[in-house]
Amino acid sequence: MPCLEDVANIALRVPSILVLDLLYKCDIDNFTEHLRAKNEDMLFKYKYVIWNLYYLGHLVNVVMLVLPLRHIVRLYLHILTALLLYVGHQISKDYVRVEVQYGYNGALHLDALAFNRFVTALTSQIILSTLCAFLMKTDKVWLFSTHLLPLLARLCAVPHETLLMVNSFSMVLTGVGVAIFLLSNLFVPYRLARTAYSELLQLEVIELYRLLAVAVSLWNQYAVPVLFSVFWSVLFVVQLFSYFTASDASGSHQGVLFFLLTSVSDCCATPYSLLGLAFVVSFLALGLLNLTKLYLGGYAAVLNDNVMHRGVTEGVTLLLLALQTGLLDMAALQRTFLLSIILFIVLTSTLQSMIDITDPFILALGASRNRSLWKHVRGLSMCLLLLVLPGYMAYKISQFFHMDFWLLILVSSCLLTSLQVTGTLLIYSLFMVELFRSDPIDPLDEVIYWVNAVSRVLEFLVALCVVAYGTWESLFGEWSWMGASATANQLHQHNDVCAICFQEMNSAVLTYCGHFFHGNCLRKWLYVQETCPLCHQPVRPSRQAHPRPLSLAKQQETCRLLLRPPERLSQAARRNKEVPEIRAQVVRTHGSHLLRYQPWPA
């Protein structure tokens, strides 16, 4: 059954990735600091044990992830057998506890309730022992029957104290058997690794193309795209379920789109989940492109595979943008907004691929003089969708963000898409005009040439405007890195770390509100919002006249004055009209650590 084997190949590997994802989220440093706060001796004893368990968990799950399917199935069968043995001992333990509470230790056939309990427990224990023997593919059922010892002891009417001892002995006996089994298979991973190494040596992987062939073979064998897509889908479903079952439904008023974006953002906080999201986006783009082919040309068009229309571009685009912008290092809300921008870019790329599919189809209809009305309706409706949707997307995203260089790039990509569709529709219209004319249009080729030329010139002008705006921003804008860079003397006086990444600053950008950040850190923050991370003032200065900055001595004196409790302030300081104005400027200059102090009453 190859289909069942493919399903098992995916389903049995997903738990390993889930555990790796959970291990990546574990904050071992925070946990060890918590132990240090409790007891230094406890930290000394368990710190290295915790780290060794952490690395061992990674190693075990990576090994389980790359094992051949037959070994994974055998491993899961052993785990299931161990769980059945645990259930059997729990049944025996509950049975012994009930018997001790009941207080009857005579013959079973003389008490109906005791006899019924015994028959029920015995039947369930026999079924469990038989299942364990079946899973281990052996007819030695007695190997998995140690949990029957308390029942046999009760059948012999032993005292309750002895019954408890027999139950404990059966559990110890099962533990000894499991330990012997683990010790006898201790070198199985080594033998598996040696076998895999021998197989690689037999392949004689010397040349690069053979190494690539082995990599492609392993990629297909483990079905990596489907595996990570299923893993991410499980994460997403669990996240949705946790949101729906949460008692706090305050986020439900934000709208469905924000809710979905927040859920997707929470499911891409690790490299494993980000890779899974990239594969999911790739499959969604592939499905959308196949639907476009099916709508335009039918099933035969879907079979006509194009390597550029497999959704790979969209998945790789999302992955590269996420890594370049530091998506994994951001907080949840920042990651949500940045992910919305990345998904917008991916959707724009998908629309471009849809244009590449629609363009030859609609032009072929006009050039071949095809009179099928339904085909023309499908082609024109698809062109209309690709003409209107980018404009609507550009309008919506401009409502959420202020116009800047990055937003201009996104809007220009939508404009380029609409321009391409407009050029295609103009050429199609020329073909249709010639079709309904009695005599052909002689200069049709020249007209089509000029339409293509004008379309390309307009596209070039849009791109040129974007480049010119970016150049102007870099050279003359308020946020050029040349004009806003902090000097060495300013960094020496500041003598602090970056408030975003908490790392030392050898070079920094000085904001208008007087705060220092790394250039890369501030750029990542500005992807999310154009406000200062500390005081939340707009990054760009207002058009009002700039207030004259205070001297350093005046700022220090004002800080000393403002941090004093209101009841200790002199009346002269309260009557000083400069204090509120100075306080506002000091807060702008020294950051949000002053914002927690409320202004005193006038």
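Note that Cβ sites are derived from N, Cα and C of the backbone, with glycine treated the same way.
It is 375-393, from the ranges 14-32, 147-165, 375-393, 508-526, that TrEMBL records as transmembrane segment.
In TrEMBL, the transmembrane segment annotation falls on 112-134 of the listed ranges 112-134, 480-502. Nonlocal intrachain contacts for the transmembrane segment (375-393), taken as residues 6+ away from its ends with a CB within less than 8 angstroms of a stretch CB, comprise 292, 295-296, 344, 347-348, 351, 354-355, 358, 361-362, 365, 413-415, 417-418, 421-422, 424-425, 428. Under DSSP, residues within the domain 'RING-type' (498-536) fall into helix, strand and coil as 8 helix, 5 strand, 26 coil.
Between the transmembrane segment (166-188) and the transmembrane segment (75-92), three or more CB pairs separated by 6 or more residues in sequence fall under 8 Å, so the two stretches touch.
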